[in-house]
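Peer 1: Got a structure here, written out as structure tokens. Questions coming.
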Amino acid sequence: MKIAILSRDAKLYSTRRLMEAARANGHEVQVLDPLRCYMNITSAKPTIHYKGKELTGFDAVIPRIGASITFYGTAVLRQFEMMGVFPVNESVAISRARDKLRSLQLLSRKGVGLPVTGFAHSPDDIDDLLAEVQGAPLVVKLLEGTQGVGVVLAETRKAAESVIQAFMGLRQNILVQEFVKEAGGTDLRCFVIGGKVVAAMQRRAKEGEFRSNLHRGGSAEPVKLTPQERATAVKAAKVIGLNVCGVDILRSSHGPVVIEVNASPGLEGIETASGVDVAGRIVSFIEQNARPHRTQTRGKG
């Protein structure tokens, strides 16, 4: 097969591993910077061009689209879909996952466990919002944040009010969530491919930090998931409509709660911690599922 990888940098670990895995199975691979792709949006013959040449003959596309280029990246992916190329993750599903509020609303509607979460626009509603999420300590999150950036732990009510007012003053959209203290600064990253959890790791925040993201200096180790945690991860991926994703879960006193569904999860941490060839599993998924014009808009909302 001929496989395209949408990635800004061919040297990144995840991109390199996907290239290696695909080529090891005899596939032709081309890494494309999505920002260098341009499109002819025509009903008779939609096309994509890259550095002056028309892109043709691709059987599948693997989107590795960073949060900062979601709009243009998903537009390029959508054009591949219009051309009948099989997407590992569909553009609409990536858009759902990138909108934290939308994804939480969809997960809530389907009964997936979540931390108590509030959302408001007016500073006049801060008191009521804090009451809804059971007061401090609580977590304030920027809707557009990634890799732990824009996530603040407010340990007192006064601190919470100050942080929320500051973000609102900057016209930033924020979520306010309960702080799951019993998680102890750890979370679970469950890697889902084709409706199955193929690998998992437990991430632990560094000393003095509550965010367990590896980009924030956290550490990772292999972990054994409970059946309920495994089922929660699979259901979350299905609700958002992602074939390949990382589902982040906290172990709370009332069961597993999902804090994020990542549409473009990194491979280095999960492969190192679990010892699983995740890149190879993604290529196997493509081999088993890629067919022309097989884009069906999975999930709803």
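Using N, Cα and C of the backbone, Cβ positions are placed for all residues, glycine too.
Not measured: the values here are computed from a predicted model.
Sequence annotations record features per position, and here Swiss-Prot assigns domain 'ATP-grasp' to 104-287. What Swiss-Prot records for LYS141, GLU178, PHE179, ASP187, ARG211, SER212, ASN213 is ATP binding site. Annotated Mg(2+) 1 binding site per Swiss-Prot: ASP248, GLU260, in sequence order, evidence recorded as sequence analysis. The feature Mn(2+) 2 binding site is assigned by Swiss-Prot to GLU260, ASN262, with sequence analysis given as support. Residues or ranges marked as Mg(2+) 2 binding site in Swiss-Prot (evidence: sequence analysis): GLU260, ASN262.
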Peer 1: Taking the Cβ of each of the binding-site residues and counting other Cβ atoms inside 10 Å, which one has the highest number: GLU178, ASP187, ASP248, GLU260?
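Peer 2: That would be ASP187, with the most Cβ atoms nearby.
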Peer 1: State the Cα to Cα distance, in Å, between PHE179 (ATP binding site) and ASP248 (Mg(2+) 1 binding site), rounded to an integer.
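Peer 2: The Cα atom of PHE179 (ATP binding site) is 15 Å away from the Cα atom of ASP248 (Mg(2+) 1 binding site).
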Peer 1: Starting from ASP248 (Mg(2+) 1 binding site), work out which of the binding-site residues listed here (LYS141, GLU178, ASP187) have their Cα within 10 Å, and give them in sequence order.
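Peer 2: Near ASP248 (Mg(2+) 1 binding site) by Cα: ASP187.
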Peer 1: When you measure from the Cβ of LYS141 (ATP binding site), which residues in the chain that are at least 6 apart have a Cβ under 8 Å away?
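Peer 2: Residues satisfying the criterion: LYS100, GLY150, VAL151, VAL152, ILE174, LEU175, VAL176, GLN177.
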Peer 1: Far apart in sequence but close in space: which same-chain residues, 6 or more away, have a Cβ under 8 Å from ASN262 (Mn(2+) 2 binding site)?
Peer 2: ALA97, CYS245, GLY246, VAL247, ASP248
Peer 1: For the C-alpha pair, I'd like the distance in angstrom between GLU260 (Mg(2+) 1 binding site) and ASP187 (ATP binding site), rounded off.
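Peer 2: Distance between the two Cα atoms comes out at 11 Å.
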Peer 1: Once the chains shown are all counted, how many other Cβ atoms turn up within 10 Å of the Cβ of PHE179 (ATP binding site)?
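Peer 2: So the Cβ neighbour count for PHE179 (ATP binding site) comes to 20.
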